[in-house]
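Novice: Structure in structure tokens, see below.
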Amino acid sequence: IYRKHAKCHEGLMARFQLDRVKVSWTAILTVAHFTYLLVGATIFQIMEREAESNNRNHFQLEKLHFLANYTCLDGPALEKFVQVILDAWEKGVNPSGNSTNPSNWDFSSSFFFAGTVVTTIGYGNLSPSTVSGQVFCVFYALCGIPLNIAFLKQLGKCLIIHLGRLKRGMVSVVPHKALAVSLFFVSGSLLFLVIPPLLFSYVEGWTFGEGFYFAFITLSTIGFGDYVVESQRSPLLAGIWIIFALAWLALILNMGARIMETVVVLTHPGFKKQEEEEDVSPKHTGLIPEEQLELTTLVSACRPFFKYIH
């Protein structure tokens, strides 16, 4: 009886320690998350506030020079005209253009806009101005966002499965798993993050840095809208690029999360015990054994990088 009570006590203490580790990790993640936000806010404020002040002062000087050169205009009339320009810009009309400019709602631009809706990128440079268009956009997003998530999820599964098959086929050529995964990352980066910025830079007249910035802000679905493709054929091609690149980037971000979990397991043995006790079988994950095996391919390939952490 004493041994039974001792084992029960040890089990309760072990469970308590695991729960304590779980709570501690949640607290650590919470603190790290908000600390990261505070640090980012501070750095952005330091880097951008002075530039904003300089731009504001420059605008005020240009405004005064304009009024001095055109004495027939007064301040209120100029302010009214500026407001008209801003309203036109918000409605997707380029104030520097004329009536012969191509429509913002041709098929390629509309296709690109539909892609930004279902992917939740939302640049903000183009939006429906009619009530019927706004209502349709709401219901289109309600149906399209879940469909896009399901599509990207399935596409990501296919990428994982084919990556596993490619890895097995490359064993004779590339004997190390980590090297095979590195080749996958490098080829994907070239295909989705290096070549497209070069093309956008050439077509849109951007620098490579601006093109790469646009690519990352787009694929991360941040979508500030400060850089948007405007050439006649670019929106259609960019929409197709976004669909496939999002699936690849989602796979990379998922791998990053799994690598973090691997680091936690290696540095906190309590998590390893907890995972062993709460092992989820394939029938609970909804994956067939082959998919379950392929899903762990990338994680197992990256484990050699962390074997010296513990």
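Placement of Cβ uses the backbone N, Cα and C atoms for every residue, glycine included.
Pasting the feature list from TrEMBL:
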DOMAIN    100-159  domain 'Potassium channel'
DOMAIN    190-260  domain 'Potassium channel'
TRANSMEM  23-47  transmembrane segment
TRANSMEM  131-152  transmembrane segment
TRANSMEM  173-199  transmembrane segment
TRANSMEM  211-229  transmembrane segment
TRANSMEM  236-257  transmembrane segment
Novice: Looking at the stretches 23-47, 131-152, 236-257, which one shares the most CB pairs under 8 Å with the transmembrane segment (211-229)?
Specialist: 236-257
Novice: Quick one: average pLDDT across the domain 'Potassium channel' (100-159), no decimals.
Specialist: 85
Novice: Quick check on the domain 'Potassium channel' (100-159): DSSP residue counts for helix, strand, coil, in that order please.
Specialist: 41 helix, 0 strand, 19 coil
Novice: Please list, for the domain 'Potassium channel' (190-260), how many residues fall into helix, strand and coil according to DSSP.
Specialist: 54 helix, 0 strand, 17 coil
